[in-house]
There are 4 protein chains.
Amino acid sequence: MLNYQAILEEIHTSLKKTKNTGEIASYIPELANVPKNKLGIHLQLITGENYSVGDASEKFSIQSISKVLSLAKAFQLVGNDLWKRVDVEPSGNPFNHLSLLELEDGIPRNPLINSGAIVIADVLLSHLKNPKEDFLNFVRELTHDETISYNEKIAESERVTGFNNYAAANLLKAYGNLQNKVEDVLDFYFHQCSIMMDCRQLTNAFFVFAHKGKCIKDVQHLTSSQVKRINAIMLTCGFYDEAGEFAFEVGLPGKSGVGGGIVALLPHCFTIATWAPALNPKGNSFLGMQALEQFTTKTKLSIF
Amino acid sequence: MLNYQAILEEIHTSLKKTKNTGEIASYIPELANVPKNKLGIHLQLITGENYSVGDASEKFSIQSISKVLSLAKAFQLVGNDLWKRVDVEPSGNPFNHLSLLELEDGIPRNPLINSGAIVIADVLLSHLKNPKEDFLNFVRELTHDETISYNEKIAESERVTGFNNYAAANLLKAYGNLQNKVEDVLDFYFHQCSIMMDCRQLTNAFFVFAHKGKCIKDVQHLTSSQVKRINAIMLTCGFYDEAGEFAFEVGLPGKSGVGGGIVALLPHCFTIATWAPALNPKGNSFLGMQALEQFTTKTKLSIF
Amino acid sequence: MLNYQAILEEIHTSLKKTKNTGEIASYIPELANVPKNKLGIHLQLITGENYSVGDASEKFSIQSISKVLSLAKAFQLVGNDLWKRVDVEPSGNPFNHLSLLELEDGIPRNPLINSGAIVIADVLLSHLKNPKEDFLNFVRELTHDETISYNEKIAESERVTGFNNYAAANLLKAYGNLQNKVEDVLDFYFHQCSIMMDCRQLTNAFFVFAHKGKCIKDVQHLTSSQVKRINAIMLTCGFYDEAGEFAFEVGLPGKSGVGGGIVALLPHCFTIATWAPALNPKGNSFLGMQALEQFTTKTKLSIF
Amino acid sequence: MLNYQAILEEIHTSLKKTKNTGEIASYIPELANVPKNKLGIHLQLITGENYSVGDASEKFSIQSISKVLSLAKAFQLVGNDLWKRVDVEPSGNPFNHLSLLELEDGIPRNPLINSGAIVIADVLLSHLKNPKEDFLNFVRELTHDETISYNEKIAESERVTGFNNYAAANLLKAYGNLQNKVEDVLDFYFHQCSIMMDCRQLTNAFFVFAHKGKCIKDVQHLTSSQVKRINAIMLTCGFYDEAGEFAFEVGLPGKSGVGGGIVALLPHCFTIATWAPALNPKGNSFLGMQALEQFTTKTKLSIF
């Protein structure tokens, strides 16, 4: 039997000594103020045990990690019709995120790149009565945690600087793949990205993907077939243009955010979340990637 | 000595019999209402003679033709500093207009593609006191014609449907190549595109490029070196991704617009404008392209 | 306990009724002669049980499936140095296989696209004494089967028609990422692709990837860490530009070939191979893809 | 009346003082041995006067300049059918020369990029009885000069290092846009590029494009319509991805080669050739570009 607590502590000790060459994301001013040396890891087994080290209970902005949660809600609401508006293939290079949209007539390559997540946000706006409130409630139900909230300051900070997302949303609109107003869709999108969680809350939220669609309170939110598909998308598309590298080094479905969080999971086994705000050049947490690579190497637990 | 009037009439007669397979631009609702069978040609020699056939005195929206006039004004205002923010190379394919921006770090390929013209609009906004008024005055001075105006209905029509231009402007903003607000720059841009002229007025406006920088009233607006450069840009970039074809078939610097207008010129010799609203698949006037090809073939007058 | 034989038979019966809209690959003349209605499936559990239906014991050309075997041999020979010459990211679109090479300075996106497999062939040429003989012996050892051979007619057929591969190899050479002569590397590459196997032999060959690096005779050929990485590459890159779709619908690491074969595996559990020569528009076996989708749906066995 | 000799001397003197930051092309070993400080200019008026400075009578390898001569011969032989196999649009970026071929189904963007010139070479191979001999005779007729020859050493040097051209030719073959064997087409192509001329000979060879299709001995080789089209292609496509810049700064149809030569012309007026072997980062002669810019600025002679 593995001593998970000892393993997390080994990893934490080793990474605290590592020279951290990552950089804090500066393009969202509100994110730039986070101390660079933070490092937290939380592991939750499917059987309910929890293990924690470092800054695992400190909240941060989950950013792109929210894309998996909005995808889950949209998949729950509209089923396979979703795939008429967004594809499920990895996106390749970073340089061409809008050019891919142009080449592929306004169908985003997958729901975890920004343009794809904006289409998902549009779907939620069309199907939820009070979109921001209802989506937050979905996240609170998954985590059984009423303290989870939007960070209005971060959402506003993105609203005034998110020109790339305005470009993507307008291009989608030009291709007829956005039903609601650009401003409304992006307001929702900036809010979902601003959600604050700590590592433990993230392992709660993603428990549903490790447990055949059932959340930590054993409520069935998604079918096991939907969960299988979402996990496949996380594996092939969850780490920008480093998805292949993450599958190769870590071997788990997961998702990163520019707030420095990463969450990953082994179906039927565990969910794990890390937080370390400095990012590598591809936009993924520098220490978080290493923490997860060490974890799967030490435990020999991966999907491969 | 060539009988220009007879040549224009021959061309007009021949094209009236041609099956017009072009299509009216429908993406700007206000443009979609123009009758498809309109055809006008106006020729103005550098020596002042004027020749006209068909609907040459009917006004239409000059659209992208305005990009040459805004370029001229911006070049006049800031000189060669302009080329720090926009390049002078042809753009190649249509499919990748935003992808080129991404590949080239926000520097538009040339000032006659939309993203380049938006940068030029931004320059004018930064340097003109009353941008819309001052720019219109510049066009009125070039043409010596106070009747030339914006068409507010067309400008508004583009404002509510121009998602591609919003995408381009936001992407430029993301790259730091837009100083003013997206909304303000596009308001100016949609107005410049909405300017109404007839064929004769267009030959007046472009006289300055055929006459070493002097307008029809012999006022020097641009240096002859600036005019040479603007003509070079028109030749290599003036017809979307059909620029090579136009140089090859017609052999004149020129510019087309989706309103169905084309204006072209032979330095030191003449300016010529055509109007026929149905467009070929590349977005250039179907009959206008043929009219100009016939004109340079019949007269053997081209820069080559 | 699942009745695997019954499940394979159900799938076989159902697919025999399916309208097969796939097309036999015609660009390699020798492949064009295979009857379109062939369909075989073979399943091998890690515990040694075997289940079979249809044409599972008929040999066919494994084509691109061989890329995983050559990758395994090269990884065994040179270890992680391999990744200096080839990346591990999914490739995105089909249209741009050479353009990606150009964009990325001659480093193929992954070892399972043609340019990447050509680099792997070059590595084997540099490190094996008698490359074609030694590689065939490696495959025979994995499968414990001396009857496996090259098909000289198919290899020759590719040699005289494989202009795309000559283009890729010359481009690699231009970038300095090919050490041996183009002709020699491609001679090896066309031979590896020509290997003939039936479905059962394929499940034998890929047993090593399901069993932590040990072949069916329990000999350790690769480390478990190497196997994990190769499985990750198969999952993210094994199906041309349909890799995301395969992960999404099937959820197993695998590899397809234009000969109509597909092999896939669940680590620690089973290997499965299908053969049905007609291909979908993305170049993967039309019925094979469906067979595997049905198999993982019926058994609920997938990595996700 | 302009004093051309004085102007050429001014330019020569000024450029001799310029810091030459260009680099000799090193990828063809035989070209790497040329002294970097060479500089020659030759001007020939349509009226027959000749003006010369510096190393204008020293021979060098004309390289890509030959593409215009092979285009002229192919156009003469097959007329407008040529344009079924090659387009006439500028190519945009350098990075994507093969990707453009892939995007455009094997139709090269224009006859002056390598892939286009290889198609032209294929046309000549199909239509000339003794291709290398007949093409050389065509060049000798244009120049009325029997001393012009291939440089076998340079041709051989390209044959063993021209992997990019092998890649392009094989890709064309894969798309069905090459009728002859790759080896045969490239043997012809490497020979045409190896032709040795000095600046004066170049002005003789290109006289035909300034004089409505008549060579220096007044023989009609091309129609004036063909000449107009070839000049248009030179203007829009003659300088790799610096064609816009050359049109903008110089304003003449022309063509450069990596041997350091440039030839340009003003229809009905003159041909001019420069030679200075060090190249700018875009592959055009560093001093040659400046010489021509100074020449058209000082003389105010350009097509614009």
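Every residue number used here counts from 1 along the chain in the order it is shown.
Note: Cβ is positioned from N, Cα and C throughout, glycine not excepted.
TrEMBL lists D:SER64, D:ASN114, D:GLU158, D:ASN165, D:TYR189, D:TYR240, D:VAL258 with the feature substrate binding site. Reduced to three states, the DSSP call for D:SER64 (substrate binding site) is helix. In sequence order, D:LEU112, D:ALA117, D:CYS193, D:LYS255, D:SER256, D:GLY257, D:VAL258 constitute the residues six or more apart from D:SER64 (substrate binding site) in its chain with CB-CB distances below 8 Å.
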If you count Cβ atoms within 10 Å of the Cβ of D:GLU158 (substrate binding site), leaving out that atom itself, what do you get?
23
D:VAL258 (substrate binding site) in three-state DSSP notation:
coil
Just to be sure I understand the packing, how many Cβ atoms besides its own are within 10 Å of the Cβ of D:TYR189 (substrate binding site)?
28
